[in-house]
Amino acid sequence: MTAIKLDGNLYRDEIFADLAQRVAALKEKGIVPGLATVLVGDDPASHSYVKMKHRDCEQIGVNSIRRDLPADISQEELFAVIDELNADDSCTGYIVQLPLPKHLDENAVLERIDPAKDADGLHPVNLGKLVLNEPAPLPCTPNGSISLLRRFGIELNGAKVVVIGRGVTVGRPIGLMLTRRSENSTVTLCHTGTKDLAAETRAADVIVAAAGQPHMLTADMVKPGAAVLDVGVSRKDGKLLGDVHPDVWEVAGAVSPNPGGVGPLTRAFLVHNVVERAEKLAGL
């Protein structure tokens, strides 16, 4: 058995087509959504990610604003840039590209962002609203992951879902999102303290691998026919690798490739959050 490919590029193109129409409708009302990025330092991976985000904006018709800053910027200088974007009406939403240099306090930086302009959905206020099931920008990778499963008809209602990884960007929020009434899944959150990870994953209908450990999920850990999302990214010998071993494709019913699975949807839902806020401000 060879798994169905959960093609994130295909679904991203569908989302972009919809967003482009929505942006065109906003422009007819004189409103141009704007996405800003704040990039500190010269990390090649971060520069690549930011470049792709601005290319996405160009494709959809969203105005893009860049703030590329030196690696030795002080906390107060970075706060000043964030305060500027908070006050800039042309900036509908923005992100601070992580990771930041070690001398900067990431949590303090994220807390400085206006929660309404938090395009990543990772501000403490917005994560708190997720816990309370109140409307707020949703974290992009979990939102993209769940939407990808829905796009390809993977049943979530009543499904046993195992999430591997407890990070704030994926593991913790996706568990909250999957247990909403709209998804109604039963979620087990696994991590480095889990005693028998394989026993947990073999019982799962859906596995979300977000540990950042190359090829850690192997075929013998997967129930035949299960759906597997490969979310984790790591580098080995200069090569980008996901968490899912290639042999999983011979056992699982559906697998998201990495790259080309959840990654494109993370970017798509980043722009989605910006367009959605622009529509809200326009009263649409």
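Keep in mind that glycine also has a Cβ here, set from the backbone N, Cα and C atoms.
Record check: Swiss-Prot places G165, R166, G167, V233 at the NADP(+) site, and the matching candidate among T186, T192, T218 is T192. Between the farthest pair of Cα atoms in the NADP(+) binding residues (G165, R166, G167, T192, V233), the distance is 17 Å. Each of the binding-site residues G165, G167 was scored by the number of other CB atoms within 10 A of its CB, and the lowest score belongs to G167.
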